[in-house]
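So that you can see what the record holds, here are the features copied from TrEMBL:
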DOMAIN    62-140  domain 'YdbS-like PH'
DOMAIN    249-323  domain 'YdbS-like PH'
DOMAIN    407-487  domain 'YdbS-like PH'
TRANSMEM  12-32  transmembrane segment
TRANSMEM  44-63  transmembrane segment
TRANSMEM  181-199  transmembrane segment
TRANSMEM  219-243  transmembrane segment
TRANSMEM  355-379  transmembrane segment
TRANSMEM  385-405  transmembrane segment
Amino acid sequence: MTSKVRHLSPISIFIFWGQLIYNWWIFILMGWGWLAGSVGQFKWLFLGLIILLLIIFAVIRYLRFTFSLGERLITINSGIFLKQTRHIPYSNIQTVQEEQWIFLKPFGLENITIETAGKEEKHGEARLLTVSKSVATEIEARRKKPAQSQSDQLVSKVTSSATTVDSPTTYTINGSDLNRYALTSLSFLPIILGLLWLVNKIQELVPKSFLNSFNAQLVHLSLVIIIFIVFLIITIGFLISYLNVIQKYYRFTLTSAKQSLTTVRGFFQRKTVGIRLSKIQAIDFKQNVIRQLAHLSTVQSLIASNASDDENGHNLVIIPVIKETEALARSQRFVEWLPQQINENRFKFSLRAWFFIRNSVLIYLTIVAFPLVLAYFFWSVAFLYVLPFGIFLLFVGYFQGRYVAKNTGFQVVSKNLIVTQTGYLWTRRRSFIQRDKIQSIRLKQSIWMEPKKLTHIEFNLRKGNDNDAIQLRYLSVTDAETILKWYQPQVPSN
């Protein structure tokens, strides 16, 4: 049976046109600027021809882009000058993402991103723009068909003695939890740095006379006014971060049904991501230092695709925020291989905190040493300001190293499950990893670590189009051997 060949919606022409402008805008501006300087009377004609040419390319791309949903695979044809054909078996699909921008909602259209374990594309193996919502439903139905047929066979053996009801498990974030998630986010820090960079760039564009006058007035302002300006910048950065998190996880819903998880979230861009439970590489429970103090946790899944949507752009968020004591039990309702609880007393931690502190302090010392030397020899006045800042950074390095040491450990839960815990950049990551999802385990031991019977051990997992290396540093050799013994395949006895 031949599957029907389909086109995208004509609205995709405008998206293709926008993508072309985004990719070529620098060359368009350079050409337009050159014409404006040489033959200025033709600059608007040149701009009009470029816009028309890009529209023609967008229309051709729309006409050449077709797709079909077969029984076993998806076929996508594209290319303007060179025709490209992609065949994606449903069994190879890791995730299916649905993105519906607010301007597409009246038309009932959405963008679909198909993720596989391939390493070809940064934004997914295939992307279908402005298609009907029924397309994603059809892909999911065909994708789950083989697994469903197997489950039907198992259910048929049980129905004679009991009735099985497959009711989906659902979690929806409430307003209070979403508010706590946004308030405890650290994403305002890069936003503040971005605002400071923007202020610096604006100063470069402002005329020197105006800037000198403004600086002269700023010198005469009281310390209270200067503190108010700094506070205002921090408040704006925090407000932008808060509103961004709120709109990003607006009406977040997690559904578990038919051996798959589906997350739906977003206000301006309603995003739906579906993943199979069998494709999950690990489950992470993450806490930045603020959420640790508030006893809150974020649950994420590590998957072999680019369907990440957390604040750092790494893992796929399953539960944005939940009480630390309830996180594991609640997650087990959606991921059955997770334990409902673990014994915290069975965790084995690295006992060499000094090495973590030393490494962290040395990193910060390297950062401040060069400015201190320059200020001491060439700008003695600045040295008095740089020195206290350098001492402050050394204290930060000390406490950061201590934090990492305190949060580095592991626990073997069962013959198929291990829990690793690491600390980095004031964030604690606790990962539940199944043995068959580990690609490899690697030991690292320097010459001076050997007499102390210490080693680093590294777990390599698939993450997106890359590798996720979870490293436990400065473990005892005995603990490392325990992990290796757990990981080695069990040889059946005769």
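Quick reminder: no glycine exception, Cβ is built from N, Cα and C everywhere.
All annotation found in TrEMBL is predicted automatically rather than curated by experts.
Here the transmembrane segment (181-199) lies next to the transmembrane segment (219-243) in space: the count of CB pairs under 8 Å, restricted to residues six or more apart, reaches at least 3. Sorting the domain 'YdbS-like PH' (407-487) by DSSP state (H, G, I as helix; E, B as strand; all else coil) yields 14 helix, 48 strand, 19 coil. Against the transmembrane segment (385-405), the recorded stretches 12-32, 219-243, 355-379 differ in Cβ pairs under 8 Å, and the greatest number is found for 355-379.
Within its own chain, the transmembrane segment (355-379) has Cβ neighbours under 8 Å at 386-387, 389-390, 393-394, 396-398, 400-402, 404-405, 408, 454, 473-474, counting only residues six or more beyond its boundaries.
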